[in-house]
Amino acid sequence: MGLISLFQRHRTFAHGIYPVEHKEMTADKPIRRLVFAPELVIPLAQHKGAPAVPLVKVGQEVVRGEPIACADGHFSVPMHAPATGLIRAIALAPTADGPKTPAIYLKVYHAASQAVLYDLERDVDRMTAEEVIAAVQDAGLVGLGGGAFPSHVKMRPPAGRLIETVLVNGCECEPYLTCDHRIMLEQTAALIRGIKLALKATGAKRAIIGVEDNKLDALAHLRQHLPPDLPISAQAVKTKYPQGAEKMLIKSLLRREVPAGGITADIGVAVYNVGTLAQMGELLPQGRGLIERVVTVSGPAVLQPGNFLVPIGTPVRHVLEQVGLRENLGEVILGGPMMGMAVASLDVPIIKSVSGIVALEHEDPDLAYRKVYPCIKCAECVKACPVSLNPSMLGELALARQYERMAAEFNLDQCFECGCCAYVCPSNIPLTQYFRIAKSINRDNQK
Amino acid sequence: MATIATAVGFMAALGMLLATILIVANRQLYVYEDPRIDEVEDLLPRANCGACGTAGCRPFAEMLVKGEAAPGLCTVNPKHINQLIADYLGVALGAGERRTARLACAGGKHVAFLRASYAGLSSCRAAALVAGGGKGCAWGCLGLGDCELVCEFKAIRLDRYGLPRVDESKCTACGDCVTACPKNLFSLHPVSHRLWVACQNRDPGDEGAHDCDVVCTACGRCVQDSPEGLIGIQDHLAEVDYTKNALASKVAIERCPTGAIIWIESDGRVIKGKDARKVIRKEALPLA
């Protein structure tokens, strides 16, 4: 194996970085459940698009799986009760982004069952494409990789566009995270059912599963189980960050580029995370809604790291109490450490887009304050930027507060904040943070 | 000798020719500009603040001379200078009340609790992008001074508790702080709006009190005490209806238990009601 891998060149994209993976902490930990939190907080805006509209009243009893909020139009998804209990309140709740947003507070009954009590079995093989798309929306499915983009919207491309290829994103390029790895190993049947449904709904001719070559066991497992009569293949791609960004994966697997400012449907591609499709394959035949997701809980401050099936709305504090924490807890990050955000309060709930909780220790070298030096024009950031921007120049413009020029002349809007530039900068310049500020100010000015 | 004469003669002839072209061009291409524009511009503050709604003092002067605007719209000039402009142009002074920026938060470090310590770039915008900053109150001032930085008139200073203080006499109501604040806490108000709710916390009832000592708990005392319709409660927050500003008086602030509703004097002094909780704390609050 060692010698062969020397000659194997797995497909990849230009630029990017190789951060330390830290995946060994949880890669062999099977997905397990935790006990219910005493109270769940389900924000109505967990996805891109219009927030859901509550269907329940305060004081109402709900069973696990029952719809508690409906979609507000096409660009929105409904919510389902993640546990059996009582609606305590519909009020403002803290979110990981900062602003408080309306949420449903669900008091979980003591000894509530983990079994889903609300479903409607159906034969997905006999459903038409339109019915599948409607069912995907009814299930409340969104991109579970972190984007939280409503899945059914991607299935219906804008007029004049046709989806030819479905890419299944099993890269999981963020350090620490292993939930997608475990899903590929443990929920293979559901994943393949999900791919079949996605093929039917989009009308695509083929599906390709992209797996980073640090998860070759998952790749081999998938290849073993792929049905021979379906146009589904599995490909290894190079382990490199940000391989899991959809535009990078398209470049690696199809050698095609999404036009700047365009969407993947423009070149006939729809990209789905393996977690999303596994849930699709699991929920649709049973007529259930998305009420829980696999979350990797890892990091040096966690005593028992692992992959857990966590009900939506579980406070981060509850999960961390279950896995145990070391004394010197530092930052807690939702998502991976590259693109994830530190939380300001452990009371924020886990929502549909949270793929991991990474708890760092106080003396973690990544947390230490590093002095910022002037740019030495070494162009390491230019070499790292996966979308071929010039972060060095953008950084100088950000310091001069020329935000509009950054967007107009240096394509700031193409930056998807992967963090590669800041990661490689030898002067420790917080480039990504500069760009986030610039984008936020440009957004405000456009209003 | 002859060479020198030729050279001088040539240069002289060339000079005459070019001068003639310039004279003709000046006559042909002359653009008349009202000399009053310069005069008026000299009387304007030349701060180019944009408070009048134009790009700067020159465009405003042009509008004044054309009669498209009234001198009173310049709220930065003292009234008697605006009167000079009005007299010079022979127009009415026109209405235009001096405006100033007001901050809808009173939660300095000594009264507002922190839920996390933010350790990134020292900028409110940056802090707001990381989980909304370290303040317990999701709406409150982050106190890192983006407004102080963008204010070109040095009208905003952070006080010792990290709370911006607006100097009404220097503020030109240009609106830079309004756009700079990531929490949208600044708004422009005529200086006659002295009754002010210095809070944006929309948490219901006493819940906000866990985050800040000077929170508006929407108890409704100010609503009861003041003339009907002046103050209303919207989203668990007192809101002054400034169309009825003439009715406003200090009575409204008297019974406020936290001091969230205040009366701002013209010299910038903040007056709280007698019942407002006394804050004797001087140092910053520790991490909750």
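Cβ coordinates come from backbone N, Cα and C, glycine included.
Given the structure is predicted, the values throughout are model-derived calculations rather than measurements.
TrEMBL lists B:1-26 with the feature region 'Hydrophobic'.
Summarising the annotation, TrEMBL assigns domain '4Fe-4S' to B:32-91.
Within the same chain, the residues at least 6 positions away from B:Cys74 ([4Fe-4S] cluster 1 binding site) whose Cβ sits under 8 Å from its Cβ are B:Leu44, B:Pro45, B:Ala51, B:Cys52, B:Phe60, B:Asn82, B:Gly96, listed in sequence order. Taken from TrEMBL, the feature [4Fe-4S] cluster 1 binding site covers B:Cys49, B:Cys52, B:Cys57, B:Cys74.
Residues annotated as [4Fe-4S] cluster 2 binding site in TrEMBL: B:Cys137, B:Cys141, B:Cys147, B:Cys181. In the shown protein chains, 26 other C-beta atoms lie within 10 A of the C-beta of B:Cys137 ([4Fe-4S] cluster 2 binding site).
Per DSSP, the secondary structure of the domain '4Fe-4S ferredoxin-type' (B:162-191) breaks down as 5 helix, 8 strand, 17 coil. Summarising the annotation, TrEMBL assigns domain '4Fe-4S ferredoxin-type' to B:162-191 (among others).
Within the chain, the domain '4Fe-4S ferredoxin-type' (B:206-236) has long-range Cβ neighbours (under 8 A, six or more residues past its boundaries) at 106-107, 111-113, 115, 135-137, 140, 195, 197-199, 244, 247-249, 251-261, 277, 279. The domain '4Fe-4S ferredoxin-type' annotation in TrEMBL covers B:206-236 (among others).
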Spatial separation of B:Cys147 ([4Fe-4S] cluster 2 binding site) from B:Cys57 ([4Fe-4S] cluster 1 binding site) - C-alpha basis, Å: 23
Rounded Cα-Cα span from B:Cys137 ([4Fe-4S] cluster 2 binding site) to B:Cys49 ([4Fe-4S] cluster 1 binding site), Å: 32
Local Cβ density at B:Cys147 ([4Fe-4S] cluster 2 binding site) - other Cβ atoms counted within 10 Å: 25
Same chain, 6+ residues apart, C-beta under 8 Å of the C-beta of B:Cys141 ([4Fe-4S] cluster 2 binding site), given in sequence order: B:Leu103, B:Cys105, B:Gly107, B:Cys124, B:Lys135, B:Gly162, B:Leu163, B:Pro164, B:Cys181, B:Lys183, B:Leu185
The one of B:Cys49, B:Cys57 whose CB sees the fewest other CB atoms within 10 Å, among these binding-site residues: B:Cys49
Overall pLDDT for the domain '4Fe-4S ferredoxin-type' (B:162-191), taken as the rounded mean: 89
B:Cys49, B:Cys52, B:Cys57, B:Cys74 excluded, remaining Cβ within 8 Å of their centroid ([4Fe-4S] cluster 1): B:Leu44, B:Pro45, B:Ala47, B:Asn48, B:Gly50, B:Ala51, B:Thr54, B:Gly56, B:Phe60, B:Leu73, B:Thr75, B:Val76, B:Asn77, B:Thr172
